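Let me begin by presenting the structure, written as structure tokens, before commenting on it.
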Amino acid sequence: FSFRKLWAFTGPGFLMSIAYLDPGNIESDLQSGAVAGFKLLWVLMLATIIGLLLQRLAARLGVVTGLHLAEVCNRQYQKVPRIILWLMVELAIIGSDMQEVIGSAIAINLLSVGKIPLWGGVLITIADTFVFLFLDKYGLRKLEAFFGFLITIMALTFGYEYITVKPSQEKLLKGLFIPYCQNCGTTQLEQAVGIVGAVIMPHNMYLHSALVKSRQVNRANKREVQEANKYFFIESCIALFVSFIINIFVVTVFAEAFFEKTNADVNGVCMNASSPHSSLFPNNNETLEVDIYKGGVVLGCYFGPAALYIWAIGILAAGQSSTMTGTYSGQFVMEGFLNLRWSRFARVLLTRSIAITPTLFVAIFQDVEHLTGMNDFLNVLMSLQLPFALIPILTFTSLPSVMNDFANGL
């Protein structure tokens, strides 16, 4: 084992792990904490482990064949299944892009104390397209470093909320290692399914299989391929462990502070704190429902304005970091399935326009609560698209004709 070699292979796994930290994931985390307390932490852990195993398969496919998943699909499938697969993956990418736009717009609205309306935040997210295209010119390694910086911001901001709230460590460990859900109903079950849909992103397998190609590996040398597989797997383990810890921060903060709270409880605290957002919570005994926007507001009411702004910075980092990974996924998928060599600028402009149009429509004609409600629908969409990525990756990595000596036994 060599730390120097591990450093040389470090990058693709952290870019891939950003999909585990996008605004859709953060919203799923806070809702599971508020709805089920600590009871669904084991679902989050299992989903992350399954995600790691699938990402390992994707990385192995890219290292061994020198082709990413979309290119292998292009070679192995007939025209009709190939087109269907491409459309399904594009749908997943657009859905993911919409979540990033929604998250970024909400974060900008919170940071500006509501002065920048939601539709303004949505329009501002168009600008990040050009920022990332500018950064991309300086090489993948520098872009990987920038994404590492954004992950660090997320770890610090959500870690701050965790330290401020001080969740019960005993309940945390019980929730992680004992699969239970006492007194759970339909709402908790829906949330458990939502966690899986939010964590395991279908287009992320296409992305990871392509990102590993950025490292030079002599595929004629079996030992070198084995070594690359080993270091990419170690890096993926570290990256997903970091993302898992950040997800735990969010779940446990809302489980400790807001589980079984009513609207009246929060309304009283917000009124006492002279929060301008008190009207968000009617003075009744219904169970509190939170999303990315309301989550920031209740943190501000209970733990001071700093908690709200730090939360918004974390959401903004999540939205911005996942923007470029979605762009990369779209580029690789289009090139692989259709043999289309569009410029990254044209590709970004197309997907971002498709994602922004419905989001902008909702932002103009509805309020923030309806905008965040789109996340639930989009997480369901991700769950429905999952088989269209799982079937190819599980099939190809078990075929000796594709993977040679590196085919899976099962």
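Backbone N, Cα and C define each Cβ position, glycine as well.
Now, the feature entries from TrEMBL:
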- 31-54: transmembrane segment (TRANSMEM)
- 84-110: transmembrane segment (TRANSMEM)
- 116-134: transmembrane segment (TRANSMEM)
- 146-163: transmembrane segment (TRANSMEM)
- 192-211: transmembrane segment (TRANSMEM)
- 232-255: transmembrane segment (TRANSMEM)
- 297-318: transmembrane segment (TRANSMEM)
- 345-365: transmembrane segment (TRANSMEM)
- 377-396: transmembrane segment (TRANSMEM)
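The transmembrane segment (377-396) and the transmembrane segment (146-163) are not in contact, since fewer than 3 Cβ pairs between them lie under 8 Å (pairs 6 or more apart in sequence). In summary, the transmembrane segment (192-211) does not lie against the transmembrane segment (297-318): fewer than three C-beta pairs, each 6 or more positions apart in sequence, are under 8 Å. By the count of Cβ pairs under 8 Å, the stretch nearest in packing to the transmembrane segment (297-318) among 31-54, 84-110, 146-163, 232-255 is 146-163. The stretch with the most CB contacts under 8 Å to the transmembrane segment (31-54), chosen from 84-110, 146-163, 232-255, is 232-255. Distant neighbours of the transmembrane segment (146-163): 14-15, 17-18, 21, 135, 242-243, 245-246, 249-250, 252-253, 299, 303, 307, 310-311, 313-314, 317-318, 320-321, 324; these residues of the same chain sit at least 6 beyond its ends, with a Cβ under 8 Å from one of its Cβ atoms. Remote same-chain residues near the transmembrane segment (232-255) are listed as 6, 9-14, 16-18, 20-21, 25-26, 29-34, 36-38, 40-41, 44-45, 48, 51-52, 55-56, 59-60, 63, 151, 154-155, 158-159, 161-162, 165, 167, 171-172, 175, 199, 208, 212, 290, 295, 299 (criterion: CB distance under 8 Å, separation of at least six residues from the stretch ends).
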